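Database features (TrEMBL):
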TRANSMEM  26-48  transmembrane segment
TRANSMEM  55-78  transmembrane segment
TRANSMEM  98-118  transmembrane segment
TRANSMEM  139-164  transmembrane segment
TRANSMEM  184-210  transmembrane segment
TRANSMEM  238-259  transmembrane segment
TRANSMEM  274-295  transmembrane segment
Amino acid sequence: MDLAVNETTTEDNIVLSNEKYILHSYAYLFVGTLIILISIPAFPLVMIRKALREPYAILVVAFFNSGLTGISAMLVGIKRTIVSNHGEQLVDHHECVLNAPILLLTSYLLNGLSLLMNSMERISVITFPLYYYKHGKRISYSLIAAQYVITITVITSTVIASLIEPTRRVSNFCWLPNVLSRPFLITSLLLTYIASSLSVILTAIAVFIFKKKVGKPVASNLSRNHNLSHFLKNQKRFTQTSIISCCFTFLFVVMPSIVEQINRLETSTVSQIIVMYCVYLRLLNSCNLVIVFFYRQRDLPSIVMRYFRDHFCGRKDHVQSIKTCTNAPIN
């Protein structure tokens, strides 16, 4: 009886070990490819159209960051697949600092900050609609610059702190907790979690303010300015779309992050597998903005479809020639 139990336990451990191995290598390839297929086509489609590029500047950057996340995940998957085929070895941790995983950490932080900047833009639209109507481009570019300055500062500090640490031997799988300076890595991840959580809170506040405030201070202007009226209607739908996106962020980022931290306290194989599932849920959330906004914002798909129809379906403006006849003099 004990022998049968031991055999069953051994088989379960083998299955869990295989699942853990797949999650740490091949799953990155699958998830990265999926994110790339969704995000990479969306970025140029919105970028090439001025009618979409200017009002959705922060959204365009979020699409770019999502594509970068997919590329980073795929590079990590390729690296770990190669290492698996050639065998695990010990290397100096300095060799892993500037490797594919650091790009993935950068993408994590950019995604969290993109969500936060999108929510901050919603707050500015709702609180100061007329000012945003006139200076929206300046606000958007400032928020975009802020997220990249923060990301570059945090990641650069993390890399420098890791490089100046005493050399230690680590696996050539380049696991981030073993490679990077622990305080800086925790700070980067914590900043990502906080940014994602704040994006949900700020968007909820924006919707609450919108229902109470928008429409009253600018009611007299709406009847006189058709462009302003259209702008506010579009921003209302944009804000409603943002709250739907933030609901997915709560399910795919906030909740998994809590579950991940709970399971990191344990060392069992099952807990490590749960942690990896939480990591992949956060990765998949990078597609959140792309899918939700293309589905909800009516002007996004309509302008894209019009672009393809005009450029690839042979649509041309035909000008009919008009033949004019002059009466010849009669001799």
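Glycine too: its Cβ is placed from the backbone N, Cα and C atoms.
No curator has checked TrEMBL annotations; they are predicted automatically.
Recorded stretches compared: 26-48, 139-164, 238-259, 274-295; the one with the most Cβ pairs under 8 Å to the transmembrane segment (98-118) is 139-164. The stretch with the most CB contacts under 8 Å to the transmembrane segment (55-78), chosen from 184-210, 238-259, 274-295, is 274-295. Sequence-distant contacts of the transmembrane segment (139-164), counting only residues of its own chain at least 6 positions beyond either end whose CB sits under 8 Å from a CB of the stretch, comprise 57-58, 61, 93-94, 97-98, 102, 105-106, 109-110, 113-114, 116-117, 120-121, 124, 132, 179-181, 183-185, 187-188, 191. When Cβ-Cβ distances below 8 Å are used as the criterion, the transmembrane segment (184-210) is approached by residues 105, 108-109, 111-113, 115-116, 118-120, 122-123, 125-127, 150, 154-155, 157-158, 161-162, 176-177, 236, 239-240, 242-243, 245-247, 249-250, 253-254, 257 of the same chain, each at least six residues removed from its ends.
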